[in-house]
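Before I ask anything, let me first share the structure, which is written out below as C-alpha cells.
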Amino acid sequence: MPPTLKHYNYLVIGGGSGGVASARRAASYGAKTLIIEGNRFGGTCVNVGCVPKKVMWYASDLATRVQQANEYGLYQGVKLDSKTLTFNWEQFKSKRDAYVERLNGIYERNLTREKVDMIKGWASFNKAGNVEVKKHDGTIEEFTSDHILIATGGKPILPVNTPGYEYGITSDGFFELPTQPEKVVVVGAGYIGVELTGVFHGLGSETHLVIRGQTVLRKFDDLIQETITDHYINEGINIHKGSTVSKVEKNPTTKKLTITLSTGEIIEDADQLVWTMGRRTFLGLGLENVGVELNSKEQIVVDEYQNTTAKLPNSKIYSLGDVVGDVELTPMAINAGRKLSNRLFGPEKFKNQKADYTNVPSVVFSHPEVGSIGLSEKDAIAKYGRDNLKIYNSSFTAMYFAMLEHKSPTRYKLICEGPNEKVVGLHIIGDSSAEILQGFGVAIKMGATKQDFDNCIAIHPTSAEELVTLT
C-alpha cells in the first residue's frame with residue numbers, strides 16, 4: 001500500500017520575501033503551512049539583491065564622501081582623492097556575507113516561531129497534480145495541499161548566443177567576487193547594471209558600461225535617463241552607447257578578457273565582465289501537469305487576486321512576485337503575499353482583499369540616487385493628453401555641494417493632471433531620494449494634488465522642501 005501523502009492547508013514553493021511573508025501570515029491564522037526552498041531563505045533580495053547591493057552602495061557612497069572631506073576642512077594633512085583611495089574588498093565581503101547569513105537565520109527563526117514547516121529542496125508538480133520535493137539528501141517527498149502558492153522568483157539572463165559569454169558573470173556572481181577587479185565591464189542599461197556600475201566606479205575600479213541605446217534606465221522618465229547618463233559620463237565612467245557585445249575572448253595566461261562590441265570597438269585587458277541584461281522567471285516546476293499558463297515572457301499568468309489558470313479538483317494554485325512579473329519589487333511581493341493569505345485564511349473583512357499594483361514607488365541606488373512613482377511624462381501625455389497636464393521642474397545644487405568644487409545634480413519633476421492638478425507622477429534625482437520618496441509616495445497614493453503639496457510647510461534647509469514650493 002502506498003504511503004499516505006502529507007496534507008497541508010497551504011503549501012508555498014519559494015522561500016523569498018513574498019513566499020515567506022505569505023506563509024507566515026497564513027500560519028498566523030492557524031493554517032497548517034509548508035514552505036519549500038531550494039537555496040537560502042530570503043530569496044534574491046536578501047542573498048544576491050537589494051540587501052547586499054545596498055551594503056556595497058554604502059561603501060561606494062562613503063568612498064566618495066571621504067574624498068570630499070578635505071574641502072570641508074577635514075583631514076587636510078591627508079590627501080584624499082581617487083588616487084589615494086584604498087578598499088579592502090575581501091574584508092568587507094566577509095562582513096557583508098556574515099550579515100546576510102544572519103538574515104537567513106532570522107528568516108528561518110521567524111518561520112519556526114509561526115509554526116511553519118520548512119523543507120530544503122526543489123519542488124515540482126507531478127502528473128497527479130501533487131507537489132514532489134527532491135530534498136538535498138536525494139530523497140523525494142510528495143505533498144497535497146488545499147492552496148498552493150508559486151513564488152519562485154527569477155534568475156539572471158545570460159546571452160548564450162554570444163561567443164565567450166561564459167567568461168562573464170551575472171549580478172548573482174558579483175556577490176561571489178573574492179577580489180575587486182581593477183578594470184570591469186558591465187553590460188546592461190537597467191537598474192542592476194547602473195547600480196553595480198556606480199559601486200565599481202565609486203570604489204576605484206576602471207568601469208565600462210555597455211548599453212544598446214543612448215541612455216540608461218530607459219523604463220524611467222526622460223529626466224532620469226538623461227541626468228544619470230550624463231552624470232556617469234562626467235564622473236569618468238566609460239559608457240559605450242548603441243553597443244552590444246559581439247564576442248568575449250580570454251587570455252589563457254593572464255586571464256584578462258578582450259571584449260569586442262557590435263560597433264567594432266574593442267575593450268582590452270578587462271579583469272571582469274558582468275552581464276546585467278535582466279532576469280527571467282525561475283520555472284521548471286512541471287506547470288504543464290496542472291494547467292498553469294505562461295505568457296509570452298514565460299511569466300505565470302494570474303488574475304487580480306493572484307489566481308493562476310490551474311484547474312485541479314482539490315487544490316487552488318496562486319502565484320506572485322518576480323515569477324509573475326507585474327512589479328518586480330520585494331515590498332510588492334510581500335504586500336501581495338500577505339494580502340493573499342488574508343483573503344484565503346483571514347477574517348471575513350479580508351475576503352475580497354487584493355494587492356494594488358498602481359502608484360508603486362521605486363528607487364535606483366545609483367550615484368546620485370533616483371526615485372520614481374506614478375507615470376512618466378511620456379506615459380502621462382499618452383494617457384491624459386498634453387493639454388490636460390501641468391508639469392513642474394526644478395534643477396538646483398543641493399546645499400551639501402555648496403562647499404565642494406565638484407557638484408552632483410539634484411532634479412525634480414512633478415506631473416499633475418486636470419483642473420485640480422492631481423499628482424500622477426513624481427521623479428526625483430539627488431541625495432537621499434530613496435528616503436524622500438517614501439513619504440511623498442504616501443501622499444500620492446492617497447490622491448494628493450499640487451495644492452496639497454503647497455499646503456505643507458517646507459522643512460528648511462533641505463532638498464525635499466523644493467517639492468512643496470514648486471512654481
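A Cβ is built for glycine as well, from the same backbone N, Cα and C atoms used for every other residue.
What TrEMBL shows for this protein is this:
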type	residues	note
ACT_SITE	His460	active site, proton acceptor
BINDING	Lys54, Asp322	FAD binding site
BINDING	Gly188, Ala189, Gly190, Tyr191, Ile192, Gly193, Val194, Glu195, Gly278	NAD(+) binding site
DISULFID	Cys45-Cys50	disulfide bond
DOMAIN	360-469	domain 'Pyridine nucleotide-disulphide oxidoreductase dimerisation'
Which of Lys54, His460 (the recorded positions) has the most other Cβ atoms within 10 Å?
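Counting Cβ neighbours within 10 Å, the top one is Lys54.
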As a quick check of your reading of DSSP, tell me how many residues in the domain 'Pyridine nucleotide-disulphide oxidoreductase dimerisation' (360-469) are helical, how many are strand and how many are coil.
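Reading the DSSP string over the domain 'Pyridine nucleotide-disulphide oxidoreductase dimerisation' (360-469) gives 40 helix, 33 strand, 37 coil.
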Ile192 (NAD(+) binding site): which of the recorded positions Cys45, Lys54, Asp322, His460 have a C-alpha within 10 angstroms of it?
none
Please work out which residue of Cys45, Cys50 has the most C-beta neighbours within 10 angstroms of its C-beta, and give that one of the disulfide-bonded residues.
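When each Cβ's neighbours within 10 Å are tallied, Cys45 tops the list.
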In this predicted model, what is the average pLDDT of the domain 'Pyridine nucleotide-disulphide oxidoreductase dimerisation' (360-469)?
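Taking every residue of the domain 'Pyridine nucleotide-disulphide oxidoreductase dimerisation' (360-469) together, the mean pLDDT is 98.
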So of Ile192, Val194, which of the binding-site residues has the fewest other Cβ atoms within 10 Å around its own Cβ?
Ile192
Expressed to the nearest Å, what is the distance separating His460 (active site, proton acceptor) and Lys54 (FAD binding site) at their Cα atoms?
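With distance taken Cα to Cα, Lys54 (FAD binding site) is 28 Å from His460 (active site, proton acceptor).
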Using Cβ atoms only, which residues of the same chain lie under 8 Å from Gly190 (NAD(+) binding site) while being at least 6 residues apart in sequence?
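When sequence neighbours closer than 6 are ignored, Gly190 (NAD(+) binding site) has Val216, Leu217, Arg218, Lys219, Thr276, Met277, Gly278 within Cβ distance under 8 Å.
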